[in-house]
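Quick look at what Swiss-Prot annotates:
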REGION    1-312  region 'G-domain'
BINDING   125-132, 207-211, 265-268  GTP binding site
REGION    313-556  region 'M-domain'
REGION    450-470  region 'Disordered'
Amino acid sequence: MVLADLGSRLRGALSSVESGSDDEIQQMIKDICSALLESDVNVKLVAKLRGNIKNKIDESNVSKETSAMNKRKKLQKIIFDELCALVDSNVEPPKPKKLSTSTKTINGKKVRLSKESSHVIMFVGLQGAGKTTSCTKLAVYYKKRGFKVGLVCADTFRAGAFDQLKQNAIKANIPYYGSYLEPDPVKIAFEGVQKFKQEKFDIIIVDTSGRHRQEEQLFTEMVQIGEAVQPTQTIMVMDGSIGQAAESQARAFKESSNFGSIILTKMDGHAKGGGAISAVAATKTPIVFIGTGEHVGDLEIFKPTTFISKLLGIGDIQGLIEHVQSLNLHQDEGHKQTIEHIKEGKFTLRDFQNQMNNFLKMGPLTNIASMIPGLSNIMSQVGDEETSKKIKNMIYIMDSMTTKELECDGRIFIKEPSRIVRVARGSGCAVVEVEMILQQHRMMSTMAKSAMAAQGGQPGQPGNPMANNPQMQRMMQQAQSNPNFMQQAMNMLGGAGGGAGGAGGLAGMMNNPAMMQQAQQMMRSNPQMMQQAQQMMKNPGMMQKMMQQFGGMGGM
């Protein structure tokens, strides 16, 4: 997760408030300010934040609240609003639109006609900030959303720049334009943009040379490229690891190139990212994306409220739904088959294997967990590499199963235990690991069938007959009528199985947007529910008692 340490400290400061006394509130403010300063946020910005928080606490009469829970709610709202204001530039960046085209036959050939012009994006920034990689990431981002995107390499200054962009573009299957022979970047940029405009591309991204403020020749070249291609939007790519120095860098660049928005890169491995975000926001320039890794999919759209929600552990269910939808998992044949099986009231081991494969496609576990309310506290303690390794190991074990075994509901292993031994030997693992997978499959099967039954047999369509009742009352009624309800809730939160086991329930939940929205509603309706869930996940004995009260572990 981006800025995991800062998020952990902010959540710790908020959770330290129990009774809501003045001393606790003052200590909370002190801890929040210390965390921000250590993340390289400017001292003046932190001082302003501290003053705003104190003023709002006085104005909202927090101290007069008799309920400790109401005090915590008000404090969380105040902190949330002020942190959002800290990273919000209050400027809306331009958004590209698809070209509305019509087809006309000219001289026997079909030609696409459009009254609109392509959205041209020019990238600028210092050397080594990650412009070329960010160009490809942005192209992939828009391509997934149905835009026709082209890349133009106008970087003739750095050796290997065109090779890098070409390699990235081919890997991502994105059209590109560049030249090994033409030394004039202005000519390359102009010809590339004209080529893609004639072919009616929705978005054209132009990569330029990295430059420093002292290199007047390169800055002149940048201005000339801008005049040649007439960009709709100019994006400056900045290294997030420079912290609050981002402000002076952005101001210096803006004097020469009137860029409209910023992409912050390398935000996944540096503690100073918070300082960079707040510093850029102070220049009233919107941050449109943040780079969170080396892969082409590691680019997150930046929204202040969403970003702060993740930091504070509130989650971003809508963002998670959009992320899952962008992967087009619903078009996968294996996923379609799984849905059909669940409709028929069955869930095979192959379906379970498909769910595990889909889960790996979603990206690092901590990034996904940060979008689910309350999970970032727990999953921040789990390594992405270790978790992915466990999930892959589960897939390897299932690869050692026969077609007959994969197509069954797991009962064949109960009837013929010798199959478990054979699968263990074939995959080079212990018998107990195979048994754990079968156990997780049974839990996932129960959850999938129950979710389908609750939605009237239609995946992704909420159909709860008690929708008009309060959320907690509905939850309790479900718990009473469904012995496996608590187990399913723990599965949705990534628990109940421990380690890689919890991934099955989480993957199933993320393939079902309606279930994710219901989970978020339950969390919001009862703030104590998440705390209780976390305590249960940390205390296996407590959770076991809860399971026994609700009728065992689902037939395990």
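Glycine is no exception: its Cβ is also placed from the backbone N, Cα and C atoms.
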(message) Through the lens of DSSP with three states only, how would you label LYS131 (GTP binding site)?
(response) helix
(request) List the residues of the same chain that sit at least 6 positions away from THR208 (GTP binding site) in sequence and have their Cβ under 8 Å from its Cβ, in sequence order, or write 'none'. (result) MET122, PHE123, VAL124, LYS131, ALA154, ASP155, PRO185, ALA189, GLU221, MET222, ILE225
(request) Counting other Cβ atoms within 10 Å, pick out the least crowded of the binding-site residues GLY125, GLY128. (result) GLY128
(message) Counting other Cβ atoms within 10 Å of each residue's Cβ, which of the binding-site residues LYS131, ARG211 comes out lowest?
(response) ARG211
(message) Averaged over the region 'M-domain' (313-556), what pLDDT does the predicted model reach?
(response) 63
(request) Using DSSP reduced to three states, classify GLY125 (GTP binding site) as helix, strand or coil. (result) strand
